[in-house]
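K.L.:
Take a look at this one; I'll ask things after.
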Amino acid sequence: MLWHHIYSFISKALYGNYEGTTLTSIKDLLVTKSPTALLIYGYVFFLIIAFSLLSLPIAQNSPIEWLDTLFIATSAVSTTGLITTQPGVDYSFFGQLVILLIIQIGGIGYMTFGSFILVALKAKMSKDSLKTSLEMSKREFAFPKDFKPSTFVKKVVLFTLIVECIGAILLAVIFTQNGEAAPIWSAIFHSVSAFCTAGFSLMTTSFQSYQGHLAVNFIISALSLLGAIGFIVMVDVWDVVKNPKSTPQFSTAIILKITFALLLGGTLFIGFTDDSLNHLPTFERWMTVFFQVMTASTTVGFNTFNVANMHIASVFVMFFLMLFGASPSGTGGGLKSTTLAALIAIVRSTLKRRKLVSFDGKRLPLHKLQLAASSFILAFAISFIAVTILLITEEAPLSWILFEVLSAIGTVGLTMGLTTELSDIGKLVIMLMMFMGRVGILTFGVFLSLREENEDEDNQEEEELVL
């Protein structure tokens, strides 16, 4: 019944069924725009609501500059976690609740927004428009081939709430034992923040006070990995567990392989080469290294030690993890692990002088390879521009600026200490990076291109290009 009421409300809002209102113009705007534009406008509208709520005096313990409020709102909508103010200090319970809801919608919404829109639009859209929207949504949200939007949304929400509730209960027990202020609320907040890979914390030093706490490290890591890998992958894995004779989908296998490789490779490299944690006992040292690698590759952004103290080589490894760690079916942003797999396949096929590109014995379609290459090139170009601007406006080392930009565009939320020192221009640049990382770099690029060029590709002559 609840989903029926939600469906009815959305349908009426989109199609102007309320007499005497101007909602028909809203319907015309949404239906005539491309799915890409609809996605962008949806997140902009969501950001405006978030900013408005956090600007209310009741949300703040003391007056906060509007730009800092917009920064926090953008960070929450994009589930990044970079902050210029302290949520646990500068915002009231109402403000913290707003941030939590924004994070929750930003995390779940990224996985379900497309299917939810399809549920509302399906009865009104033409077959061609519905097909275009379906294909766009499958590409953007990594839906299964045979998914039913309404059923999919219900399962994702149920899966999310169950995982977050379990995490909150376990954290509440630990926080109560350790005398944390408002332990139940803190547990709920951090459980949601971890699963949605947001990285927001009510503690001023994130989880540094729990650096050696095995249970907290395990719970946060589990929540973050489940959120980052995504519901679809978990369902596929569960099907394999129930039926050992079945095999996981191709995308699931790639996501799991790349995720495991990044976690293992990053942990081993930093663990053996970085001496900044040598003062810790061996087990605690490796646990801390793994947690930091996990938090970068899942884009959750929590930390159990100051990343500014890491060796520069470790920082460069973190660059890579922050950019490529997320799964296309999860809550993380930035480039995806499958994009990395496609790029590896392109390079390997080129070196072996193969005409077709394959991964694990499966040929990859050309349009997917184009998406992967375009996403990477756009990310590189945008990051280059952002770093150049920040080198002019900020007084900080290049490594700090690079770390900040990649953390923002990857929606990670880790910082070497630059976020709170950003100039107004710097804050605007980082906000734009976070927004692009959330909606998708290529999606944002397609949106800026305004319209699709209708070229007669069949009659174009092929020419050799000297490389």
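Including glycine, each Cβ sits where the backbone N, Cα and C put it.
Feature list, courtesy of TrEMBL:
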- 38-59: transmembrane segment (TRANSMEM)
- 97-121: transmembrane segment (TRANSMEM)
- 156-176: transmembrane segment (TRANSMEM)
- 182-202: transmembrane segment (TRANSMEM)
- 214-238: transmembrane segment (TRANSMEM)
- 250-272: transmembrane segment (TRANSMEM)
- 307-327: transmembrane segment (TRANSMEM)
- 371-392: transmembrane segment (TRANSMEM)
- 398-416: transmembrane segment (TRANSMEM)
- 428-450: transmembrane segment (TRANSMEM)
K.L.:
Please indicate, using numbers and ranges, the residues of the same chain that are 6 or more beyond the transmembrane segment (250-272) and have a C-beta under 8 Å from a C-beta there.
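P.N.:
For the transmembrane segment (250-272), the far contacts come to 142, 225, 228-230, 232-233, 236-237, 285-286, 289-290, 292-294, 296-297, 310, 314, 317-318, 321, 324-325, 327-329, 337-338, 340-341, 359-360, 362.
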K.L.:
Establish whether the number of Cβ pairs under 8 Å between the transmembrane segment (182-202) and the transmembrane segment (398-416) reaches at least three, counting only pairs separated by 6 or more residues.
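P.N.:
With 3 or more qualifying Cβ pairs, these stretches touch.
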K.L.:
Six or more residues out from either end of the transmembrane segment (307-327), which same-chain residues have a Cβ under 8 Å from its Cβ atoms?
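P.N.:
Residues 142, 197, 228-230, 233, 255, 258-259, 262, 266, 269-270, 273-276, 292-293, 296-299, 333-340, 379, 399-400, 402-403, 406-407, 409-412, 414-417 contact the transmembrane segment (307-327) from elsewhere in the chain.
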